[in-house]
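K.L.:
Checked TrEMBL, it gives:
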ACT_SITE  E123  active site, nucleophile
ACT_SITE  E127  active site, proton donor
DOMAIN    39-238  domain 'GH16'
SIGNAL    1-24  signal peptide
Amino acid sequence: MALWQQKLGFSYLLILCLATVVSSHNRPFTVPTVTRLTDSFPTVPIDQAFSKAFGASNVQFLSNGSTATLALDKLSGSGLVSQRRYYYGFFSAAIKLPSGLSPGVVVAFYLSNADKFPHNHDEIDIEILGHDKRNDWVIQTNVYANGSVSTGREEKFYFWFDPTQQYHLYSILWNSYHTVFLVDNVPVREFIHSNTNPSIYPSKPMSVYATIWDGSEWATHGGKYPVNYKYAPFVASFAQVKQSGCISDPTAPVSACSKVNPSAQDPVNGPEFTKLSQQQVAAMDWARRKLMFYSYCNDRPRFKVMPPECH
């Protein structure tokens, strides 16, 4: 991922200390009923909406461009980048993770503008971290703004399912009110704009990325278990991709944009997208109580003064 090398390994060691070894998807869970936000938006053809960002030989478009596979082997990872930049919106992908052991592997679906703002970029991350014999796949969410890569706001969750068996939905809702991370339409995290310092809330147009890469230095158990290429290639499948919101117009002021789908619901200012419903709040509370095992807001050794949104 863009600028991932700058993320401090020390932070991940602290995260590691707070983690517990569990097999969450082997335990029975009654998943809350939630509104399916993903049903509100049309699917886009991946081969038309995205370009190959790196590792082109490891990218394949299948099913008339509706599905893409991204592979990691000893030579290279691979990735896609959206043709358009967005100034807020709803972004989602159905992802099926590599089967078998995958320590050190990172599958990511995220927003970034690091290519355009290398020194003060914004980023909204969903990173899915590979597993070893004792630790399941983990989903990590993160938010950066204005290049604050040394002050990541990570939160980590176990899954309530096996993410390698079938496709599951991973979504980001980003507007000027809040940033919400969802898994199978269940909100797992809400980052509220009004609760933060404006300088740490992403506000510049970003591209959408889908990638798989080698995160041996930190991804699994703080880097204890690197990628074992004996099990390569590691292949992640992406489908049902949705991206709807404001398209950034590079010839106009930064706030100018045009809607992708004028007839669709508005993820930027639509009332159902500016605030979570009571049902969504209850579902998010369930996910955080049952499955979250690390939040930067609880990391006292890391933050001498807790970030303002944690109070």
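Cβ atoms are placed via backbone N, Cα and C, with glycine included.
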K.L.:
Have a look around the residue listed as 'active site, nucleophile' and count the other CB atoms within 10 A of its CB, chains all included.
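P.N.:
24, counting other Cβ atoms within 10 Å of the residue listed as 'active site, nucleophile'.
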K.L.:
Mind giving me a neighbour count for the residue listed as 'active site, proton donor'? Other Cβ atoms within 10 Å of its Cβ, every protein chain shown.
P.N.:
22
K.L.:
Restricting attention to the domain 'GH16' (39-238), give the mean pLDDT.
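P.N.:
PLDDT averaged over the stretch: 93.
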